[in-house]
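Let me begin by presenting the structure, written as structure tokens, before commenting on it.
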């Protein structure tokens, strides 16, 4: 995408910048502004990505060290997508702040925007997440980080979702291995991958070192971008544009005096983009090479009219038997799945997205993150309260969300175990006529088919079904809630049928927070689809109290099973059936709101 930005986009992004400026200042926040000089630019008089990465890494490191109070080093940099280029004479504004501190590591969020001084315009360039770790003390002890206290709604959202991002980082390599296929590799009229190989050696001098006398991480990334650009140029025979970087991973340090051996090769070429793999190794005068960094970079080639050019095909190296070639396909699929899953907004039809084993990690991430982001919003309004059961609502454009919460005399871990077993829900929720487990994906994710009365006809004898992904998470740290997130997915093995109206849920679920005296604050959230809004409005307007009756049934179920079950499954089922007669009757019209 060129640096020419549409007026509507600029206005929207300018408003976003203004909103951010009104927020309170985070003590870990670091701001950097740099004017782009010719020495920072490439042949197109645009800011080179290598230079931008140096500035991003510097800002993130300063923020990390401001929070830690001790030296920190870059552990990784998440995927970065560059939305726009920056021209000579324009100003780069970088803002970095720590989103969350774990034990000895922390996530730093970095926002990069561009400013045109003459036109008084601002627009976003990219958003990055970097992980930093503290260095050990002189005595070899680890530095334990103090927790971050989020103040604003945006900080609370980033704090909450940071734990999910950390989980995905730790699974990233396993995801690629699972996705890697063994399909046929194109031969014929294709460019041999060996022809795109690049090797370059850099001597680490004092100007390349940081304040800890280690090689500056931003400098290593800049060198890696340089060799990757050369490899991409050898395939395209043109000047490529770097669009996306797939996670820099720092595996070890290097020091002044080291030689850095940088290797790059085009792993695969698609119609309009290519992936270049880069590896950095450090060595001294004696001793073996040390693998210190790896990254994968996606390049495009634009013609004189800024249109994407078609690229030649690549023939992989025979020695690696197409491994890099196939892994590049896997990474592209991950990027496409992630874009589709994240870009699916409320109001789009269908709300559900396809599920398969290859995209389940990102569907699970999006499922949990969406619920955490909904819970972190601060504009909830109390609509009604009865016997300490509270109903909150929130309106966002065309979307209505609601939250029902109450404190329950049940330990949080026990409430989590009980509510996470969605198959037990028909025992306390009369609207759940049927709930069957389709597939246990792993210990944290499950696929269910749920049958309820239909809201499309007022529930008069018709039924609807849902295919739900249920993702559960235990707390990542003290003060975190237990999470049970629900969202609709589509399965080819369970298509819609004429017998049932297929319902859809975008975001719903429970959060369970431990409170004093070993009690739990249970909160249920639902981002209602448009077809359900008329039925929810009866509760909001005070014409019905079905939310209260359902929550009472839930509370009775939890307190009845407060202790670990010791009876047989048959006895437990009998207890649940008997208790249904004692539960408050719920308004059947609100069935969809309980999903």
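Glycine residues also receive a Cβ, built from the backbone N, Cα and C atoms like all the rest.
When TrEMBL is compared with the stretches 1-27, 28-54, the one noted as region 'Disordered' is 1-27.
Helix first, then strand, then coil: DSSP counts for the domain 'HotDog ACOT-type' (26-138) stand at 23 helix, 55 strand, 35 coil.
Helix first, then strand, then coil: DSSP counts for the domain 'HotDog ACOT-type' (194-305) stand at 26 helix, 53 strand, 33 coil.
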